[in-house]
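Going by Swiss-Prot, these are the annotated features:
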- 94-136: coiled coil (COILED)
- 46-55: compositional bias 'Basic and acidic residues' (COMPBIAS)
- 69-84: compositional bias 'Polar residues' (COMPBIAS)
- 87-135: compositional bias 'Acidic residues' (COMPBIAS)
- 136-145: compositional bias 'Basic and acidic residues' (COMPBIAS)
- Ser26: phosphoserine (MOD_RES)
- Ser233: phosphoserine (MOD_RES)
- 465-504: repeat 'WD 3' (REPEAT)
- 506-542: repeat 'WD 4' (REPEAT)
Amino acid sequence: MNQELLSVGSKRRRTGGSLRGNASSSQVDEEQMNRVVEEDPQQQPRHQEEEHTARNGELVGADPRPGAQNDSQQGQVEENNNRFVSVDEDSSGNQEEQEEDEEHAGEQEEEEEEEEEEEEEEEMDQESDDFDQSDDSSREDEHTHNSNVTNCTSVVDLPINQLSSPFYTKTTKMKRKLDHGSEVRSFSLGKKPCKVSDYTSTTGLVPCSATPTTFGDLRAANGQGQQRRRITSVQPPTGLQEWLKMFQSWSGPEKLLALDELIDSCEPTQVKHMMQVIEPQFQRDFISLLPKELALYVLSFLEPKDLLQAAQTCRYWRILAEDNLLWREKCKEEGIDEPLHIKRRKIIKPGFIHSPWKSAYIRQHRIDTNWRRGELRSPKVLKGHDDHVITCLQFCGNRIVSGSDDNTLKVWSAVTGKCLRTLVGHTGGVWSSQMRDNIIISGSTDRTLKVWNAETGECIHTLYGHTSTVRCMHLHEKRVVSGSRDATLRVWDIETGQCLHVLMGHVAAVRCVQYDGRRVVSGAYDFMVKVWDPETETCLHTLQGHTNRVYSLQFDGIHVVSGSLDTSIRVWDVETGNCIHTLTGHQSLTSGMELKDNILVSGNADSTVKIWDIKTGQCLQTLQGPSKHQSAVTCLQFNKNFVITSSDDGTVKLWDLKTGEFIRNLVTLESGGSGGVVWRIRASNTKLVCAVGSRNGTEETKLLVLDFDVDMK
């Protein structure tokens, strides 16, 4: 369907953007051919000259006979004639000036309209080019499509001398085949064709009949019955009607064979005439004949890149392709939640409605292109925490929060790179943190949690209760669950600072925790994973199977995924507590994981990253090869397109989520391999924040902020 739509659009664009261009060019060619078979064209000017002379004689009205009038009458006539000529010259001069002014004004308007149209076309071309440049495979598909379109129209563009060449005649004879069956069209994957029975015949459309109709009937049904070519200067040849009756009496294959022989016996000009009559019938813009709702439904099957190309076909197609609801659906497919409202550089013409959803889609596409191959500009460098380790990192909106074993947290601006404030109050190193809006929560080796106001830096609450280091926490709305080396978990109200529940059952330090508002899931050094009901403080399930410490957890409300020092990853059913899959393949500790829509990405101390489908338990990709990390993976994050990973080797790498292919290094520390480490990474749609440093003093502790945003004017 995509190629059929675009082939119509490509032909229309090459011929002037409308079918009227084809009709006008065909009409000119037909008139030229008429003049070949009509009478001598010089006779018409001679008749016009005689008529003009006769009219002049009648208008002058002068008697050529001498003595017919006296001198006074003759003088009066001359005076009147002179006065008439003078007035006529003045009026004609004014009229000419007025016509020149009007013509000049019209030319200016036309030039302005042409300039606006050129700007619109350039803008659409740029949007389409952005999509073309983003994917090599897309460019190959487009090249193949353009080749197909060119092949379909190459006969039309051939000069007459090529049409009459022996090579052309030979190849056309070889290529022409009798096709007695119906044409079978395939549809792209995921795109289901509309059933004809689902729609009634619309006004202006020709319903498909069960029996074949003649080409003349088709032209008449299309409203072009009066446009049929009539050569009136030549009488119908003798026996024409008998020949036509004989032709109609033949079978379908016999008619095709006869047409083949007829075409081979025609001269090039005659073949061209047939093409001019037939071709417009197959270039009809069926989209413009459909009701708008149905036309938009058809266009909704196009990919965004093809939709942008379709917008360049004509004005009506561009209006359809700018439909805001159409682009909203495209945005939903890509996970874009909000439209983009921007200031336009120029006023949109009446009839063209700017689509904020389209702008949002194009902006996101350009951002993805920046991540993939955009120029890596110098990052903002945020220096702080001296030479201490950055143990935790949060990034939300334009605010960055870093926690360190120097007992402090720092709040940074992701826009300016400035340190906005330092949160001081803990008496031990900060090892865990969470952030939402203007609230920051931190856990420390001093056995407390603190709730901070990110705007003012004020400590709102200090939460006491744990008897050892607060090693992990998870925030959900107004509650936070903390896990400690004292083997317990506590549920806190961050608004009041009260401890609501205490969950006891582990026999070793709690290393990781997840909370969805209903259930708490915890992993500990006792090899166990536990599922809790925090309201009743009861353990619903103890998930046994790991043979070493549990270091990482993910929980989506249905599945629990646990990573252990025993090198395995286990997928559990949270309702039954059963182990669904055991994912094997890593060779060491799984230090970090992230789960979205049944896709799990795991990073391991064996320097590899794996992508899994937790429903099937299948490993989809292993991110390795010559460009893989050379040391343990420290942190990772992924979205619908990319996987970002950091490592002890001092690099941050970008990978393709679908193919597993390495794209490029986003960060490479000069001290990488000799002590430089990327401890933590956090990424938004447009920014990447990296916490870097070293354990031997070779790399200064700092934050690096990379920006991949685009300017949508």
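Here the Cβ of each residue, glycine as well, is placed from N, Cα and C on the backbone.
Remote same-chain partners of the repeat 'WD 4' (506-542), defined as residues 6 or more beyond its termini with a Cβ less than 8 Å from a stretch Cβ, comprise 468, 471-477, 479-489, 491, 500, 548-555, 557, 560, 562, 564, 570, 572, 574, 576-577. Helix, strand and coil content of the repeat 'WD 3' (465-504), in residues and according to DSSP, is 0 helix, 25 strand, 15 coil. Taking the Cβ of Ser233 (phosphoserine) as centre and 10 Å as the limit, one finds 11 other Cβ atoms among all the protein chains shown.
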